[in-house]
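Peer 1: Pulled from TrEMBL, these are the listed features:
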- B:154-344: domain 'ABC transmembrane type-1' (DOMAIN)
- B:21-48: transmembrane segment (TRANSMEM)
- B:88-109: transmembrane segment (TRANSMEM)
- B:121-143: transmembrane segment (TRANSMEM)
- B:155-178: transmembrane segment (TRANSMEM)
- B:199-218: transmembrane segment (TRANSMEM)
- B:224-243: transmembrane segment (TRANSMEM)
- B:274-296: transmembrane segment (TRANSMEM)
- B:330-349: transmembrane segment (TRANSMEM)
Amino acid sequence: MQHSPRPAARKPPDWLGTGVVALILLALAVLGANIWLNMQGAGVTPGFGFLAQTAGFDLSESLIPYAAKDSYARAILAGLLNTVLLALAGLVMATVVGVLMGLVSVTPSPAGRMVALLYVELFRNLPKILVLLLFYVLAVRGLPPVREALSLGPFHLSNRSVYMPMILPDPAQLWLLLPLGAGALAAIFWARRARRIKWETGRETPVLPVALALLLGLPLAFALLAGVPLVPTLPTFERFDFAGGARLSVQFLVVLLTLGLYHGAQIAEVVRGGILAVPRGQVEAARALGLSPRHVTRFVVLPQVLRIVIPPMINQYVNLIKNTSVAIVVGYSDLMSVSGTIINQTFRPLEMMLITMALYLGLSLLASSAMNRLNAVLRARGARSAT
Amino acid sequence: MIPASPPPAQRRDLLRQWAGTPVTALVSAGSVALAIWLASALLDWALVSAVSPLRPMEACADAAGACWRFYLEKSRFMLFGTYPHAEHWRPALVSVLLLALSGAVGLRITGRLGGLGPRWLLALWGLVIPLAFALMGGGWAGLPPVDMSRWNGMPVLLILSVIAIALAFPLGVALAVLRHQTRWPVLRRAAVVYIEAMRGVPMVTVLFVGVFVLPLTLPPGTRISPVMATLIALVFFHAAYFAEDVRGGLQSLPASQTEAAASLGLSWGQSMRLVLLPQALLRSLPALVNSVIGAYKDTSLVVVLGIHDLTSTARMAFSEPGWGAFALEAYAFVGMWFLLSCAFLSWVGRDLHRQQSARSR
């Protein structure tokens, strides 16, 4: 028997909801009108045309060629790239420190647990700005001037920068992307094949060494055969400063250290929670089945820890990306400090903040969606191997 | 009855704990070495190489350790900055009031201090917040007026953290309700966009919007001081984080609560106010305390805007010519303050967590 659809009940008009929406729209309209009036009063027309004008300020460091005569847009791009560099380095350092300290915090050794606890509590209860300012003062005062830089082989550390060897950039190096892509494809193919063999015959085939050899070997062979220039340069001291090689400012290092240690403490807590959440019975059952300690970790503990740990880890990574903006406090030329400088020069806070916030929002959305996809892949794989 | 025998081979257990495997032994040795090194460095700095507060400032010139006299000379400056010296009792009173009220709220939500009802607390907040601004600003009852640019140090830190958090909380609850409800899809969508956008951008950008864009949105000719602009920006920023915590509480309630409230004849507003929100708030308290700790610590970011909170006055204290050697002393002062205040907040959080897991058991 089929029910005929009931006639929709006539809803009474929703005065409250409409009223609230109207009020919000009215408030936004008033704010917008005021912005327009204020900018007119200052003789500025809102718009993004100014981005093409000459910036006229220098950056302490940049990954792309940049000079004061370049446009504001290029300055923003240079700042964005500096932010990305800082974020990537910070992610690596925070993960290494966090996982290491998380593992130490669950060792049987009371001394190890004590040190891990001290580290985590200290960095969770101090503002990152305070840590950053303290590190900055210590670095600027404690490290030697350029003339007496601490040297370790080709690396030199002074209170201004760290200098290191680098390969001279050359446009021809872009060709290397070709063999790199081919290597990646081949590595993926090899991994699939290894899994199929394992599935059908149970035999193990080496995956990681082959993949690494493909990823590194193909571009290297290509460079040698095609004659792509890969010229290393070493930093050498000339009259006042080092020349050649690459340099990272002490500001960069200090922010990196702060972010790495600060988020390392948070990640250590996440890792500790993840490990403690695996029921003891799982380990005991695996041992009872005769798995070696290495295999217990690899096949029983680690997969479960990863599942628990990855979602809060994504959260931490996104927070770290946002927190790179504290670099403005010590004057590292990241996105935030570049846009602060531009605001001071042009009196265009509205446009600049829209651009800056959109870029940060994009970065954190990009990171979280990439990590969520990784998480989904890991989960799907876990579900498949469980059946 | 046979008395329980002591666990056997306690010595072997100790050895296994400290050095059961080579890795454990390595961790133990490394940790002990690190701990000894840290403790001796701290002891050396604070006591052995330190200069006693009884000796004059000149004795600190070439000392390797802490200069305790620095605190005698500069504590007041770090706490209150450039606020007129004769009027220091005003920022001191404001700080004490705000700290006492925050402490009372912290104790109240852990179930201590039962006599202080929520209405009383609300009334106290309504009294203390305007009083703080009135006391700091002066210009009434014979108090000399003090410009906001001279509000420095501890009271600014507390105004920008305690008051911002207190004002952000109701806004956060409202946003959480808007995002949770389904009656007004437009408002729900708006709340989602607002919350996610705020949580997707760094706090510094929101502070910049507060100080540089907010004045543009006021009618031409009006001015707003940076402290007030920052306070407003912080309220809007923290509210998005609180909203997510409260929404977590709302989502954790079983649907039967809404249905039971509806079947009792309660309207949507009544069921939200009397049934859902009280339970949701209770459940979201631990998450809220975490967010509060984060918000409180991040307040120091206002140094970027040239607002002088405690961290910034500490930096000023050693930036004057002749005082440059005392950076460590100045930052240690701020660090101790944050360690102590965060310890209280963490204790509140842990206590709530314990109570909650005891309740659910």
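Cβ coordinates come from backbone N, Cα and C, glycine included.
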Peer 1: Any chance you could find the range in B:21-48, B:88-109, B:121-143, B:199-218, B:274-296 with the most Cβ pairs under 8 Å to the transmembrane segment (B:224-243)?
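Peer 2: Per the Cβ count, the answer is B:199-218.
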Peer 1: Using a Cβ cut-off of under 8 Å, list the residues of the same chain at least 6 residues beyond the transmembrane segment (B:155-178) that approach it.
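Peer 2: That would be 80-81, 83, 91, 94-95, 98-99, 101-102, 125, 129, 132-133, 136, 184, 187-188, 190-191, 194-195, 227, 230-231, 234-247, 250, 272, 277, 280-281, 292, 295-296, 299-300, 302, 307-311.
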Peer 1: Please work out which recorded stretch in B:21-48, B:121-143, B:274-296, B:330-349 has the most C-beta pairs separated by under 8 angstroms from the transmembrane segment (B:88-109)?
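Peer 2: Most contacts with the transmembrane segment (B:88-109): B:121-143.
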